[in-house]
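Feature annotations, courtesy of Swiss-Prot:
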| type | residues | note |
| --- | --- | --- |
| ACT_SITE | ASP79 | active site, proton acceptor |
| SITE | ARG18 | site 'Important for substrate specificity' |
| SITE | THR80 | site 'Important for substrate specificity' |
| SITE | GLN162 | site 'Important for substrate specificity' |
Amino acid sequence: MLDNLKKYKIVLGSQSPRRKELLSGLDIRFEQKAMPDIAEDYPAGLDPEKVPLYLARMKAEAYRSKGMMQDSTLLITADTVVIVDGAILGKPQDREEAARMLRTLSGRTHQVVTGVCISHRWETRAFSCSSLVTFAHLSDEEIDYYLERYRPYDKAGSYGIQEWIGYIAIQRVEGSFYNVMGLPVHLLYNELKDFGESN
């Protein structure tokens with residue numbers, strides 16, 4: 001599948017092992033490269049649902065500005081945020097903040113949005129995906145256990161749906177499960193397929 005993409009050097013511009021795992025599931029050859037250091041800042045007042053797409057575009061531009069885009073490069077960048085009460089929960093700075101985030105999510109439904117950019121030369125295709133996740137109530141003991149064993153400090157909202165906490169606490173997911181992991185691969189597949197056919 002996706003034979004039309006064989007002429008491209010596909011690069012996943014992300015350090016995330018989860019995104020690497022998910023992209024591998026599409027059975028395409030790609031290289032994973034760490035992104036140039038960028039501040040994940042966004043304009044004040046920007047709609048929270050638009051933030052991940054904004055950041056995915058910023059990552060692509062950072063990659064391009066460093067001269068890391070060759071003519072054959074097809075770059076995939078992404079960013080995921082957790083939104084609750086209209087506020088973004090990013091990656092926690094420390095254990096205390098992670099615990100506070102999990103207590104906020106406990107017993108409630110929150111939104112997970114991932115923005116994705118596919119960049120080639122000066123063309124960029126961008127899209128986003130939204131899922132709703134409902135958590136059961138989490139006890140302090142469960143939160144402490146999860147933070148001690150899994151240390152989710154590299155994850156938006158302080159949790160990984162594919163980890164222990166996902167098994168014991170997630171009651172319902174409306175939308176893409178893989179989007180919550182960090183990459184809506186069903187949409188990405190269709191975009192890559194369309195890109196390969198039109199270029």
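All positions are counted from 1 along the displayed chain.
Including glycine, each Cβ sits where the backbone N, Cα and C put it.
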How many Å separate the Cα atoms of GLN162 (site 'Important for substrate specificity') and the residue listed as 'active site, proton acceptor'? 18
For ARG18 (site 'Important for substrate specificity') and THR80 (site 'Important for substrate specificity'), determine the Cα separation and express it in whole Å. 12
Radius 10 Å, atoms counted are CB only; among the recorded sites THR80, GLN162, which position scores highest? THR80
Which site among ARG18, ASP79 has the most other CB atoms no more than 10 Å from its CB, taking these as recorded positions? ASP79
